[in-house]
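S.K.: The structure follows.
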């Protein structure tokens, strides 16, 4: 089906509509062989609270953005090459259900569909696109991915020292290696993680020791380890100075 649609007029028109919805600030999306597989609204778990985002699945990339006017205007376009994506299901708990992790070497996050059927369709289509891309390129699946950040609401105190209580003065930070919510004193070090940034990024003391000693830090599926008890009533307005909340 993808091969049949690749150069069709209908596919070209659909992609043109997506481009127009993002406006001049979005990157061009039409290239030879690219097919728009599907689209929909998913709830993305951001560091402060879950937010609705518009997602577009192509046969080689996943695109998402903020909803300004539904079906008409989106901004803050993000483009994720599917070749680097791995996905894992997230157990249902509380109000957030039908979720899965989208993991890449640069950024990883959780998304939630409205129904179990939607979740199944999204995961199946993403998995099929990733599999087809890897088969064509002969590459192996990505072995390393960025940590999934634990939401601010999961930590009233530093998740490393377990002592510092977060306040408007004592701000929350995130370790870029493990994704835990940590205090300033526990995350004073920076380390170069080339897949995430061209400059050194904030890491916690524990991960810094692991990285500098040559030891491999534990696999950073922070959400899987901590569960997904997300209480949106206890959200922080603090942000790391060098990272957006999305």
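Just so it is clear, glycine is given a Cβ too, placed from its N, Cα and C backbone atoms.
Checked TrEMBL, it gives:
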DOMAIN    35-131  domain 'PH'
DOMAIN    152-212  domain 'FYVE-type'
REGION    218-246  region 'Disordered'
COMPBIAS  218-235  compositional bias 'Polar residues'
COMPBIAS  236-246  compositional bias 'Acidic residues'
S.K.: Could you put numbers on the helix, strand and coil content of the domain 'FYVE-type' (152-212), residue by residue per DSSP?
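M.R.: Summed over the domain 'FYVE-type' (152-212), the classes give 14 helix, 10 strand, 37 coil.
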S.K.: How many helix, strand and coil residues does the domain 'PH' (35-131) contain under DSSP?
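M.R.: Residue counts for the domain 'PH' (35-131) by secondary structure: 19 helix, 54 strand, 24 coil.
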